[in-house]
Amino acid sequence: MTYAVKEIFYTLQGEGANAGRPAVFCRFAGCNLWSGREEDRAQAVCRFCDTDFVGTDGENGGKFKDADALVATIAGLWPAGEAHRFVVCTGGEPMLQLDQPLVDALHAAGFGIAIETNGSLPVLESIDWICVSPKADAPLVVTKGNELKVVIPQDNQRLADYAKLDFEYFLVQPMDGPSRDLNTKLAIDWCKRHPQWRLSMQTHKYLNIP
């Protein structure tokens, strides 16, 4: 299949359980919860998204004719001769495009694969690290994985229900924006009252990591 990718870049993972880990980020274009266009935000299921996933005009972005072509670009960004290859498939919603041929090609190239998904679409069991960031008004079909990362606050959100799911790590992350300081306090207070949960911060924004 042809893969539409917004951007591909090498950096450090800034948030979640893998914060600080070097990774190639492959941001797929498109999402099933929002068109990505500002004029549609009020009608979106996810109205707080802070990511540009529209089109294929970002760094190293484009339309890739097959899995091998996409993997070649991803692999070309990893430091030459270095092991511990790791790619984060994100979006948008990566499960609109991430398929078994691409997973197989990435594994063949020596990459561990993480996915950042909203959890409303089934994921492939062959993915190495599953991070689900559920949206309160969207269906949640992925109920087990490695990491559940919940952005707070959201309307109609019930964190206590998420705690019953089958994940290794449970994280709350304060929503960015003008209320970030208040949201951070809410997240800290939640973790202190419910020790099953950990705090996730978007460290790349605080440290200006590109």
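Numbering starts at 1 and runs along the chain as it is shown here.
From the backbone N, Cα and C atoms, a Cβ is placed for every residue, glycine too.
What Swiss-Prot lists as substrate binding site is Leu12, Gln13, Gly14, Arg27, Thr90, Pro210, and the listing cites experimental evidence. Sequence-distant neighbours of Gln13 (substrate binding site) (same chain, six or more apart, CB under 8 Å from its CB) are Ala19, Gly20, Arg21, Pro22, Ala23, Val88, listed in sequence order.
Same-chain residues at least 6 positions away in sequence with a Cβ under 8 Å from that of Cys31 ([4Fe-4S] cluster binding site) are, in sequence order, Cys46, Cys49, Phe53, Gly91, Gly92, Glu93, Leu96, Asn118. Swiss-Prot lists Cys31, Cys46, Cys49 with the feature [4Fe-4S] cluster binding site.
The S-adenosyl-L-methionine binding site annotation in Swiss-Prot covers Phe48, Cys49, Asp50, Gly92, Ser133, Pro134, Lys135, Gln173, Pro174, Met175, Asp176. The number of other Cβ atoms within 10 Å of the Cβ belonging to Cys49 ([4Fe-4S] cluster binding site), over all protein chains shown, comes to 19.
DSSP classifies Thr51 (Mg(2+) binding site) as coil under the three-state reduction. Over all protein chains present, the Cβ of Thr51 (Mg(2+) binding site) has 13 other Cβ atoms lying within 10 Å. Taken from Swiss-Prot, the feature Mg(2+) binding site applies to Thr51, supported by experimental evidence.
Positions annotated as domain 'Radical SAM core' by Swiss-Prot, on the basis of sequence analysis: 18-210.
The least crowded of the binding-site residues Asp50, Asp176, judged by other CB atoms within 10 A of its own CB, is Asp50.
Sorted by the number of other CB atoms within 10 A, the binding-site residues Thr90, Ser133 start with Ser133, the lowest. Each residue contributes its Cα atom, and for Phe48 (S-adenosyl-L-methionine binding site) and Gly14 (substrate binding site) these two points are 19 Å apart. In this structure, Leu12 is the one among the binding-site residues Leu12, Cys46 with the smallest number of other Cβ atoms inside 10 Å of its Cβ. Listed in sequence order, Val151, Ile152, Arg180, Asn183, Thr184, Leu186, Ala187, Met201 are the same-chain residues at least 6 apart in sequence whose CB falls under 8 Å from the CB of Pro174 (S-adenosyl-L-methionine binding site).
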